[in-house]
Amino acid sequence: MTASRRTLMVMAGGTGGHVFPGLAVAHRMEAAGWRVVWLGNPAGMEATLVPKHGIPMEYVRFGGLRGKGLKTKLTLPFNLLRACWQSLGALRRVRPDVVLGMGGYITFPAGVMTALSGRPLVLHEQNSIAGLANKVLAKFAKRVLVAFPDALPHAEWTGNPIRAELARTEAPKARYASRSGPLHVLVVGGSLGAAALNEVVPRALALLAPGERPRIVHQAGAKHIDALKANYEAAGFAGGDDVRLVPFIDDMASAYAAADLVICRSGAMTVSEIAAVGVAALFVPFPYAVDDHQTTNAAFLADAGAAVLVQQRDLSAQLLADWLRGQSRASLAAMAERSRSLAKPEATDEVARVCAKVAGANLEQLQ
């Protein structure tokens, strides 16, 4: 069987943290001549996003229990059985040579049926603390891959698959050396915004003398941009060249590369992207993340002196202002270089090669 006839099924959904790394691998496999089919939830973001990338989809209806009512919990056995049946149907139609599980609730029933049908399963865990589904499925997978060391026992540390342009960014030493003047700070709230950052950062800047203030690009999410503007105006900033407030950023690679410092949450993909680019970071983990995984994500870099970790409960305008006052471009450049040294820029290729090998393909087809 030639590479062009081989098929990869990617099962992932729910959040961008599962979908985007799955897309990175999918495109890499397509470039090697593979057919790729995506298994996802028709109600998930993947149902809208994945077809835009030209990847056909199979659908399985299955959701989580966290925060759901009694009715959802009582109907779980039926919903799980239905999801298993739908997954089996998709596997029979697609007949994949290998199945790659990238996370999300649908991974559990689809992964179980993959194992029961005798098809090879590869798992990838994006977070530093594995979810329950991957902990169970790891017992049946041919290969288990992790983005952070020790997330699962007997797993291979590959890093998180990221967009190619992030891995191609110029080395931090050269970037930082080419700059002068005020520090450039990127504040990232994500598509959902981060209220704590939106409130504290403007007040922290107001505590700095004009000559101490960095230039700011602050991304807040479309739903939060008006409130963010009000926060900056209340702190005495009317906007201008030194403060840019944006609802979204299309080119994150360039935004990261232009920054001396990123202030942000610590989702798995954010941490992986920051390391890949090599930029200093101050992480404020989302305090309500499942198993507090954002803290351990951030700690991977912070423990190596490659980032700073501040819990939201400890974050204040005074603390942030004092910390910013003590930073120089040289100190941030050193942090950025340590961050880059911990990156896994070949993660996308490595995950693709593992999938090919499990399917019995010649690895030279993925060079």
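Going from the start of the chain as shown, residues are counted 1 onward.
Keep in mind that glycine also has a Cβ here, set from the backbone N, Cα and C atoms.
As recorded in Swiss-Prot, the features of this protein are as follows:
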{"type": "BINDING", "residues": "THR15, GLY16, GLY17, ASN127, ARG163, SER191, ILE249, GLN294", "note": "UDP-N-acetyl-alpha-D-glucosamine binding site"}
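Here the binding-site residues are THR15, ASN127, GLN294; the one with the fewest Cβ atoms within 10 Å of its Cβ is THR15.
Counting every protein chain shown, the number of other Cβ atoms lying within 10 Å of the Cβ of GLY17 (UDP-N-acetyl-alpha-D-glucosamine binding site) is 21. Long-range Cβ proximity for ARG163 (UDP-N-acetyl-alpha-D-glucosamine binding site), meaning a same-chain Cβ under 8 A and a gap of 6 or more residues, is found for PHE20, ALA24, ALA253.
Long-range Cβ proximity for ILE249 (UDP-N-acetyl-alpha-D-glucosamine binding site), meaning a same-chain Cβ under 8 A and a gap of 6 or more residues, is found for VAL188, VAL217, GLN219, ALA255. Under DSSP, THR15 (UDP-N-acetyl-alpha-D-glucosamine binding site) is assigned to coil, being neither helix nor strand in the three-state scheme.
Taking the Cβ of GLY16 (UDP-N-acetyl-alpha-D-glucosamine binding site) as centre and 10 Å as the limit, one finds 15 other Cβ atoms among all the protein chains shown.
In the three-state DSSP scheme, ARG163 (UDP-N-acetyl-alpha-D-glucosamine binding site) is classed as coil. In the three-state DSSP assignment, the secondary structure recorded for ASN127 (UDP-N-acetyl-alpha-D-glucosamine binding site) is coil.
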